[in-house]
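Look at Swiss-Prot and you will find 1-28 tagged as transit peptide, backed by sequence analysis. Swiss-Prot lists 30-460 with the feature domain 'Ketosynthase family 3 (KS3)'. Positions annotated as active site, for beta-ketoacyl synthase activity by Swiss-Prot, on the basis of sequence analysis: CYS209, HIS350, HIS389.
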Amino acid sequence: MATSNLRRHLSASRLRLNRFISTSSSYHSHRRVVVTGLGMVTPLGRGVETTWRRLIDGECGIRGLTLDDLKMKSFDEETKLYTFDQLSSKVAAFVPYGSNPGEFDEALWLNSKAVANFIGYAVCAADEALRDAEWLPTEEEEKERTGVSIGGGIGSICDIVEAAQLICEKRLRRLSPFFIPKILVNMASGHVSMKYGFQGPNHAAVTACATGAHSIGDATRMIQFGDADVMVAGGTESSIDALSVAGFSRSRALSTKFNSSPQEASRPFDCDRDGFVIGEGSGVIVLEEYEHAKRRGAKIYAELCGYGMSGDAHHITQPPEDGKGAVLAMTRALRQSGLCPNQIDYVNAHATSTPIGDAVEARAIKTVFSEHATSGTLAFSSTKGATGHLLGAAGAVEAIFSILAIHHGVAPMTLNVKNPDPIFDKRFMPLTTSKKMLVRTAMSNSFGFGGTNASLLFASI
């Protein structure tokens with residue numbers, strides 16, 4: 001009898017599993033995903049309009065690092081001065097604070113002891129994106145069908161340093177009860193979910209500099225597979241502090257040659273590049289199932305039609321010289337979209353201004369797009385010359401730049417390409433001025449330490 005019941009139970013379980021697989025396949029095949037809202041906080045300013053205008057105009061959000069920027073408030077002056085002196089890189093891309101238009105108002109967004117900067121940036125960007133999408137649901141069912149997928153690269157290192165100092169000073173009882181929830185990367189998603197009552201998937205990718213792209217791509221699949229109808233997705237970061245800058249400096253990842261001329265330090269694809277400029281900020285988009293967006297008359301910026309991922313399986317920080325991981329990510333995004341390489345109008349390159357990484361990505365773009373790239377037909381650029389490298393937020397912010405390129409018909413420029421890398425020639429060359437053009441399709445690349453790669457492909461609709 002027991003055996004018979006077990007067989008019936010297993011048979012029923014298999015039937016339910018088969019139905020689930022069938023349903024999931026159906027969702028993946030038929031549920032299209034579109035972008036209906038945008039929000040950002042960047043070194044170029046708070047808000048999409050301010051950031052985009054300054055980007056297209058060729059402005060730069062990078063400045064020199066100061067002693068106060070190290071976030072060492074509990075340390076004595078001698079230690080602060082010693083630490084600052086030891087840092088080989090003294091440039092960074094900061095979010096502009098203030099109460100004026102285009103500035104980040106900490107009184108509005110950092111008004112709780114439980115909120116670290118990276119969380120505040122994400123909530124601010126999400127608020128702009130949701131208002132842009134006109135999606136602030138009040139019905140319980142709509143909230144249950146709305147999720148959040150906002151990742152981060154590091155969390156709040158400065159809060160960890162301050163907490164460790166309490167141990168050194170034998171003052172552990174002064175440790176804030178908010179310490180743990182303040183530093184956890186997933187708390188950016190958590191705070192957005194709580195603020196708006198969203199009860200769909202609550203997710204946070206942590207994949208170094210590919211985080212923002214993975215968070216958006218994962219959110220797209222959640223909609224495709226029916227887990228949600230709307231997802232608030234993106235990345236956030238605030239890691240300009242003594243320990244983070246020291247750590248990246250020790251790994252020889254940061255620019256050190258342009259401390260006296262900060263706005264020239266981030267120079268993707270240029271021969272004089274010597275490392276990236278650390279930045280901060282957040283980019284968040286509202287993703288929505290296409291029919292759901294149409295029914296409510298939502299403004300649609302673009303469709304997210306391709307998401308490709310890969311692993312280098314090569315080195316902890318450097319890509320392989322042949323760029324195979326980047327090639328696989330771009331190729332897989334193209335395959336999912338059903339588009340051919342010569343149908344892509346613009347590529348927002350990951351290029352961070354590192355000697356190896358930029359050349360490898362340029363080589364990968366030539367491999368994937370072939371004559372379409374080498375003939376000069378394909379437009380491509382790296383926007384990190386203007387923003388610096390926003391680490392976990394980079395993929396999301398640059399996805400927004402790609403979407404805006406489609407929306408406004410302008411491909412943004414690459415700053416500081418004065419002496420192009422030898423891999424380029426007269427036709428195969430990154431944009432050095434913003435270009436008005438018809439952009440029907442745009443790809444955004446994001447690659448991270450550990451050999452993690454992601455490419456997002458957007459198309460007009």
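Glycine too: its Cβ is placed from the backbone N, Cα and C atoms.
Shown in sequence order, ALA93, CYS209, SER266, PHE276, VAL277, ILE278, GLY279, THR352, SER353 are the residues of the chain, 6+ apart in sequence, with a C-beta less than 8 angstroms from the C-beta of HIS389 (active site, for beta-ketoacyl synthase activity). According to DSSP, HIS350 (active site, for beta-ketoacyl synthase activity) sits in a coil region rather than a helix or strand. A C-beta separation below 8 Å, combined with a sequence spacing of at least six in one chain, links HIS350 (active site, for beta-ketoacyl synthase activity) to CYS209, ALA326, GLY357, GLU361, SER382, ALA394, GLU398, ASN445, SER446, PHE447.
Per-residue confidence over the domain 'Ketosynthase family 3 (KS3)' (30-460) averages 98 (mean pLDDT, predicted model). According to DSSP, CYS209 (active site, for beta-ketoacyl synthase activity) is assigned to a helical segment.
Of all the Cβ atoms in the protein chains shown, 28 others lie within 10 Å of the Cβ of CYS209 (active site, for beta-ketoacyl synthase activity).
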